[in-house]
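Feature annotations, courtesy of TrEMBL:
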type	residues	note
TRANSMEM	A:36-60	transmembrane segment
TRANSMEM	A:80-101	transmembrane segment
TRANSMEM	A:113-133	transmembrane segment
TRANSMEM	A:160-182	transmembrane segment
TRANSMEM	A:221-240	transmembrane segment
TRANSMEM	A:260-279	transmembrane segment
TRANSMEM	A:300-322	transmembrane segment
TRANSMEM	A:342-360	transmembrane segment
TRANSMEM	A:367-392	transmembrane segment
TRANSMEM	A:412-433	transmembrane segment
Amino acid sequence: MQVTSSVREPLITGGKTLKDVTHDISRQVEGKPSMLWLLALLVSVGALALGFIALAATLWEGIGMWGLNKTIGWAWDITNFVWWVGIGHAGTLISAVLLLFRQKWRMAINRAAEAMTIFAVICAAMFPIIHMGRPWLGAYWALPLPNTFGSLWVNFNSPLLWDVFAISTYFSVSLVFWYIALIPDFATIRDRATGLRKVIYSGLAFGWDGAAKTWSRFETVSLILAGLATPLVLSVHTIVSFDFATSVIPGWHTTIFPPYFVAGAIFSGFAMVLTLMIVTRKVFKLEDYITIGHIELMNIVIIITGSIVGIAYITEFFIAWYSGVEAEQYAFVNRAFGPYWWAYWAMMTCNVISPQLFWFKKIRTSIVLTFILSLVVNIGMWFERFVIIVTSLHRDFLPSSWAMFYPTWADVGVYLFTFGLFFTLFFLFAKFFPVINMFEIKSIIKSSSTKEAK
Amino acid sequence: MKENKKTYWKGLEELTNQPEFVKNAEREFPEAPSVLGGEEGASRRDFLKLMGFSLAAASLAACEAPVRKAIPYVNKPVDVNPSIPNYYASTFASGGDYASIVVKTREGRPIKIDGNELSPINGKGVNAIVEASVLSLYDKQRLKGPHIDGELTDWSTLDSQLKSALGSAGSVKIVTNTILSPSTQKALDKFAESVGGEIITYDPVSNYGILKAAETSYGVSGLPTYKFDNAKVIVSFGADFLGTWISPTEFARQYVKGRKITKENPNMSRHFQFESNLSLTGANADYRTPIKPSQSGLAVLALYNALARKGGAATVSGASVEIANIDQAANELWSNRGNSIVVSGSNDPNVQIVINAINDLLGNNGKTVDFSKPSYFRKGDDEKMNKFVTDLKAGRVGGVVFYNCNPVYDFAKGADVEEGISKAKVSVSTNSTMDETASLVKFVAPDHHYLESWNDFNPRSGEYSLSQPTISPLFDTRQAQESFLVWAGESSNYFDFLKDNWSESLMGTQSEISDSQEFWDRSLYNGVYSDGSESEEVSGSVDVSAAATAIGRSYKADNAGAELSIYTKVGIGSGTYANNPWLQEMSDPISKATWDNYLTVSQKWAKDNNVKMVEGATKKAKITVGDKSLVVPVLVQPGQADGTFGLALGYGRTKAGRVANGVGVNAYELLDLSKGFVNYDITEGVSVEITSDAYKIAQTQTHQTYMGRDFVIQEATLADYKKDASAGRYQPKIYKEGEFVKPSKVSLWKGHKYSQHHWGLAIDMNSCIGCGACTVACQVENNVAVVGKQEVLNRREMAWIRIDRYYSSPEGASSNSELEKAADNPEVTFQPMMCQHCNNAPCETVCPVAATTHSSEGLNQMTYNRCIGTRYCANNCPYKVRRFNWFKYHDNKDFSTVNVAQNDDLGKMVLNPDVTVRARGVIEKCSMCVQRIQLGKLTAKKEARKVQDGEINTACAAACPTDAIVFGDMNDPESKITKMLKIEENTTSAVKEVNEERAYHVLEEINVSPNVWYFTKIRNKEKSEA
């Protein structure tokens, strides 16, 4: 076990004891749902239901319900896909990479961040399926399954197929990792519960007995999974970026995409974690567990990744100019000054300029400002994907085919559907699962003796 | 009868009657368990099981696809073999619009129309209207039988009632469009004679001016025969001879003959165009000068005077007018005397007289403009028609018969005709739909569709052709000529009448065949016949001064008011076939707009009135001509002469049918008859006001220029080309290992090997005039869906081949925003664009399910069944030629009005059975007509020989009147394409070494290695300019 210097600021404030931790966190699971929670859930389910109309219309009538056209074959669908996948990066990064780096501050937020990852990936994974013209076939034809079509096989050259592998691997590993870590906490709840709840949580706890050997195995499995998950953090978005980087379209055909996408993903993931955490700590009164220190550290990650993304934007322009390729140069000039200039500048403002405000300690330790900026970053990251996809496609090589993209109600509705899905799942999680990793938190509470020494 | 006491038994068991046997006697298979029950009878469980099974079986059976009727022949017709097409020579004629054609039928259904190569007029080419006309056969809105007062009746009732009514009607007038058929004319004459009637001929798009001028100048009745191929200098005043004027397919063929250039023969004609609207012809001109209609007469006079001065002839007086390029045109015409041609699209006889005089001065008469062999494409007499309408309106006409014409819609005084019909005692129409005119008359005796009819044609002196039915009449219609014969009391049927007439008049003009039946069979097989008659000398002196005086009175050098020039569109023409969705959705070659007519305005006017078109969004304007006004959307048209406006005829139909009703506005109302002829140029009393109403015009292309991208469009002037055959070529080089090499030398790919065939296309941008016949041909051949105006607005038209039309940017434009703008009088380039069948295809690598793959013959193939519709291929296509089925376009009531060929049972008969109708959610694109390639290969295989060049042709290449698209096997050293491209040596490699300097790949630098080659556009100009 790693030893933390007693000089360090405590990660958990409020002089919590082990019992306090158990109580504070299990309380949410055991208590009656609050009005606020019910209201939030209602709104989410409402969004889900409303969005479902758009989704159903799309599936029933065809992709023509969206605003796509002969020139722009992807717009909101793949923008949303990449955006959600990006958001789904923070959880694994926090729990796996920070675990390997022994960053103990992660402990208060990793559970929720991982849940968010899983829900975001579910939302993301929906788009590659529903954006297909024939999802009822594509949903399984895109898998390398043995079939009765003779020697018909998937095309291993296609980045879309790589996506299938990348996303499904990432999703399974994240899910297993998340669930494994939930088991000891489920056991805690089980031990406190009675009646039906005891039965359910007994099932969820998989017969956890808390024996030393069990703990030892648990630690080993966690470490192995963390080791497995770490490369995935880098690989998933790298592969998603290949969808664009391997193409011939100016603005897509760019070797900078893999690192740039990964940085962007972490950037947006952290922003989304912040958004959710700030709300959760307030609603569930967990200010002592998710402290201003956590928020500040995450804001620092946002400054770094935001700056990387900013440099990537500028590099793209430089390379376009340096390449001497006319279509490439036009693609970038068109981004900044063409018909979609507003999307580009929205992206630049939100992603490059706004995170720089976090250099000021006042801003980065302000809950309200952090919350606002986290939203701004997520808006900016959505625009980043929109800019890459739509502004590159809408004016490519042959001016005769240049077109504009106008979203329809169904585009908006399907996006709303994913929001509804995400928040419904998240609120259900927040109510019925322990939102903070109890057993890990317990390892970083300062003992009564260190408290006295202070 | 004595009772039979014998016992018969089947086996010993039965005889001995053992208990075991008795028990099993009832059951044939005693060892098998019974379905219901067994020994204890049916148990409840068995019952439930059985019921469950039946329920499941019943529901499964209910899920089965509906039964589709496919009825085999009981007695197979001799010539009809399933899946083998038959071809019949025939003729398309609608009024004076004429084409000799070959009709492809499959299992007795005509499905495709091609040009007749034997025709000396249109050759193998046809235009979009002719291509699309096959769909009108299957129009379920055609009348299904004769009608009296709008009620369906039978022919005998109609005949008897009509005969008695006409007998007592008094003066009878028979109104018709131009009749090209001698037998029809004869039948009609007999009818007219029997009722004492008079035949009035008019044309919706009139060329009366030329007819009258020919009569005045030379005493010839008929249009001259034009020979653009013999002209080295072509001057046209507003005649859109490549698009819509008289016989455009024929002229396009001739025109391009004089403009195909090679390194060995780098000569081409020079073409000057003076016009108000940017026409297809103007877009192809080397020098185009925008002029106002009010100046056009003076411009012709100015040219005459310039030439007269050179030739020492007397000049005539006329207001002097400053028009660019007139002097240059005069100089070049003069130095090419006898090898030049001057034409005018004006319907003013005085202008045409001056044109005759000019051609006389230049010695073109008899060489490029031949009055001695007149053409009969237009016979309409505007003055006579005008008088008739006046009489009709005044109630002085007793009976009126409309033979396949629709003057209520397409005559300038349509409203008067409408009013007059009710005053006539008897009114008859032979129109095959309840159109604007037919719906007003008492008797409607619907004619067959032309594909159901027999007929003969005489489009030009000495040239004849036949049409024959290619299908039994679908409805209870009767050929109009037969109706006329019946009404005239003749007994013979029209087929015999026609046949007799044919051999009577033509048998004697040849000596080769002595048997009249054989002569008939040969003529019918060929479809065309030339009687070889020598043309007669025509002489006459043209009186210019009278014409010049008249011109001086009616034209002005500087008219300050607005002027309207009414024109016809290539796709819709006079509007007769407006109800054809293929034509409505065909994008206009110039404006790229579909499903509308609109007021074309100059860029300057648009700027002054603050109209900016973005993605088709525009405003409406109110145009007032005299006391009539129309509200039309505005389309900003580069090249439009400032101060002038253009508006197309053929729209605003009210009773054409579901497709065309309510599309656009009717411009016929604005035509002016005050000068005796139908005047398409309204120069007085025109005012245009912009309104605040927003409107969207559905265009298939909304970006006008090619942004100076020489990797897309490569062009040069003839002078430069003569110096260097690779002038205008953009030859990108890629740096590789210390040297700059061609992009094709750097590749990640191993490359394909094509050991058999290597199909490819060569497209000569100098020959492509942009007419769009190929786009409709492709639509017919490949069952391409029509998607309707809203979906075109959504930029989702399905065309597999499109013609990109680019305007040049203003001179000196360099920044992106300047390059986006079109010049006020731009140079125009047409670039047919279809799947490039790349050897390193970007679409093929990205499809996750390998639905698009490469063939062993160089084709990029699309497997619809495998496609899951990710659209990644379409995104990654640098040419943007892949089309996605956004909705289910077939069997879908949302598209039944527009996509008639895939939605109703009758319409579906036009579908090509060799090509799948694509399902919702899949990508489709040009297949290089793989079904035709396959057929050609199979035919060759059956005959145990190699495929010969020219045997297989794509639909686009076959339809092209100018041979701008050449299809062939690049592995065949003898093929036309190999020779055109000068392919170095016959290799099986996918990357061919091409030595033709003009040939290039669009986007060569990304090395997708297309199998489609383009030839640089060469303009016969001194220097390139905007």
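Including glycine, each Cβ sits where the backbone N, Cα and C put it.
Curation does not apply to TrEMBL; its annotations are automatic.
Counting C-beta pairs under 8 angstroms (sequence separation of 6 or more), the transmembrane segment (A:412-433) fails to reach the transmembrane segment (A:221-240), with fewer than 3 such pairs. By the count of Cβ pairs under 8 Å, the stretch nearest in packing to the transmembrane segment (A:260-279) among A:113-133, A:160-182, A:221-240, A:342-360, A:367-392 is A:367-392.
Away from its own ends, the transmembrane segment (A:367-392) comes close to residues 72, 74-76, 78-80, 82-83, 86-87, 244, 249-252, 264, 267-268, 271-272, 274-275, 278, 292, 295, 299, 302, 306, 309, 331, 334-335, 338, 340, 343-344, 346-347, 349-351, 354-355, 357-358, 405 of its chain (Cβ-Cβ under 8 Å, at least six residues beyond either end). Proximity of the transmembrane segment (A:221-240) to the transmembrane segment (A:160-182) is established through 3 or more Cβ-Cβ distances under 8 Å for residue pairs spaced 6 or more apart.
Only residues 6 or more beyond the boundaries of the transmembrane segment (A:160-182), in the same chain, are considered here, and those with a CB under 8 A from a CB of the stretch are 85, 88, 91-92, 95-96, 110-111, 114-115, 117-118, 121-122, 124-125, 128, 142-144, 154, 204, 218, 221-222, 225-226, 228-229, 232, 235-236, 239-240, 242-243, 433-434, 437, 440. Within the chain carrying the transmembrane segment (A:113-133), a Cβ under 8 angstroms from the stretch's Cβ atoms is held by residues 55, 58-59, 62-63, 74, 77-78, 80-85, 87-92, 94-95, 139, 142, 160, 163-164, 167-168, 170-171, 174-175, 177-178, 181, 269, 272-273, 276-277, 414, 418, 421-422, 425-426, 429, 433, 435, all 6 or more beyond its ends.
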